[in-house]
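Comments concern the structure below.
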Amino acid sequence: MANRGPSYGLSREVQQKIEKQYDPDLEQILIQWITTQCRKGVSQPQPGRENFQNWLKDGTVLCELINSLYPEGQAPVKKIQASTMAFKQMEQISQFLQAAERYGINTTDIFQTVDLWEGKNMACVQRTLMNLGGLAVARDDGLFSGDPNWFPKKSKENPRNFSDNQLQEGKNVIGLQMGTNRGASQAGMTGYGMPRQIL
């Protein structure tokens, strides 16, 4: 949290809840994938949330990652340079986010720049990178490097084609939502509180 003081009360509870969502095992998987995918001497950080954040904070690793998912000459981020200036780092992070959105990640799955730069929500950063990896595996264009089992499998379209005869038969079936004339019924039941009549 670079520019913010400590949070108190409800803000502190919310921040602690967000920090509990961070997964150290997932961090190791993501580091392994990023270093495998980038190949260009990307160093591996020490384990830990802060080290992971500092590794990604300047945006160069993220830009190298998104560029490695595109064919040669079609890289979305043209200029990648390490910088110590805050606005340059944030600009590179936002370039990665724009390129990730063009790659196919939903806007709802993308973290905000401050989530990474200030370390406010590193779990959201992990989710974005997981979605990016899963999408790269699903594309199956030969540009993904690493183990496809690191990421959840994306579902693929599976259309069903029914003949006119099958569609017509489906109209004749009475759905269970309409009710059924079999099974238990209320025949012989008495109202609540009435005594049993034994004859």
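Using the three backbone atoms N, Cα and C, a Cβ is placed for every residue, glycine included.
According to Swiss-Prot, the features are:
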- Lys171: SUMO2 cross-link (CROSSLNK)
- 24-136: domain 'Calponin-homology (CH)' (DOMAIN)
- Ala2: N-acetylalanine (MOD_RES)
- Ser11: phosphoserine (MOD_RES)
- Lys17: N6-acetyllysine (MOD_RES)
- Lys20: N6-acetyllysine (MOD_RES)
- Ser163: phosphoserine (MOD_RES)
- Thr180: phosphothreonine (MOD_RES)
- Arg182: omega-N-methylarginine (MOD_RES)
- Arg196: omega-N-methylarginine (MOD_RES)
- 174-199: repeat 'Calponin-like' (REPEAT)
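With respect to Cβ neighbours within 10 Å, the modified residues Ser11, Ser163 differ, and Ser163 shows the lowest count. Sequence-distant neighbours of Lys17 (N6-acetyllysine) (same chain, 6+ residues apart, CB-CB distance under 8 A): none.
Cα distances from Ser163 (phosphoserine) to the recorded positions Ser11, Lys20, Lys171 are smallest for Lys171. Cβ-based crowding with a 10 Å cutoff singles out Lys20 as the top-ranked of the recorded positions Lys20, Lys171.
Here Lys20 (N6-acetyllysine) is positioned 14 angstrom away from Ser11 (phosphoserine), judged by their C-alpha atoms. The helix, strand and coil residue counts that DSSP assigns across the domain 'Calponin-homology (CH)' (24-136) are 73 helix, 0 strand, 40 coil.
Distance from the CA of Lys171 (SUMO2 cross-link) to the CA of Lys20 (N6-acetyllysine) is 51 Å.
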